[in-house]
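According to Swiss-Prot, the feature ATP binding site maps to 154-209. Annotation comment: Swiss-Prot describes 283, 296 as Mg(2+) 1 binding site. Look at Swiss-Prot and you will find 296, 298 tagged as Mg(2+) 2 binding site, backed by sequence analysis. The annotation domain 'ATP-grasp' is assigned in Swiss-Prot to 124-329.
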């Protein structure tokens, strides 16, 4: 078959820029095994500039071409894009909106589903509307005395809370608060990351993850894996990506079969209900009373050496490169 020009777009310039580059390494290695794709890796920096690995500045135009600042270099026609960008502007749906505007096909969830999942306010509304249990919560829209009083009431009611910036991923702007002394500073800090803040009841629970994705025309939800953190800690940004992280990952969690099946059913319900596409990682809590609570959905999960998504996909029996190729080719034919 004729080779397709595939743009591997990474970085993004946000808080998760460096992690996006690590994930791009994985995608690049997988794509190298697929001869029908001609891959060009381009990084998007914090200034909104595109540049190749050789440092060449370029621009993605509305004619579906990469045009280079060096006008002696011919434009590069783009057939397809993998937006390997965690956080803004990838998982927020912003970059997908541009692709949709210029009719450029791309891998992953569309702009609306990405935005709905990334924003914790809309995500929780969707979880509840779909009838999927999730953690008790309140929303705040600005840092003022009224919000502080609402947060104090939540802390008094629940004993321990998580304060989360509504529009951030990978636990950026996320703080556990166990005492009134921590409250004001944590709330104020969270508002520096997002105009909206979610306050959730702290749940003493196991942290389980499911890879939910499309393969061979069907939606798959793997058996849940597990994140095991040190006592009295949570899976923070540092715990996810630091070399000295104490968190442990288990690809197939030791849970009752009926519980695993229920989690998988919730994952597929969320995938279908929120109209996700190609890939996602859906995170759950499992309490000591075996209550299942949906925590969050990642529409472009990490693909680093320690990331759960590619490991769970492989454990389920799928080859990542073939899974990737199948989705891309099916979309290009449609």
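Just so it is clear, glycine is given a Cβ too, placed from its N, Cα and C backbone atoms.
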Legend entry - CB within-chain contacts under 8 A for residue 168 (ATP binding site), separation at least 6: 15, 87, 174, 193, 194
Legend entry - Lowest local Cβ density among 182, 298, which the record lists as binding-site residues, within 10 Å: 182
Legend entry - Separation of alpha carbons, residue 296 (Mg(2+) 1 binding site) and residue 175 (ATP binding site) (Å): 16
Inset, instruction - With an 8 Å cut-off on Cβ-Cβ distance and a minimum sequence separation of at least 6, pull the same-chain contacts of residue 161 (ATP binding site), or say none. - result: 151, 154, 155, 176, 177, 199, 200, 201, 202
Inset, instruction - Show which residues of the chain containing residue 296 (Mg(2+) 1 binding site), separated from it by at least 6 in sequence, have their CB under 8 Å from its CB. - result: 117, 120, 123, 282, 283
Inset, instruction - Name the secondary structure element type, per DSSP in three states, that contains residue 203 (ATP binding site). - result: coil
Legend entry - Rounded to the nearest Å - Cα separation of residue 203 (ATP binding site) and residue 298 (Mg(2+) 2 binding site): 20
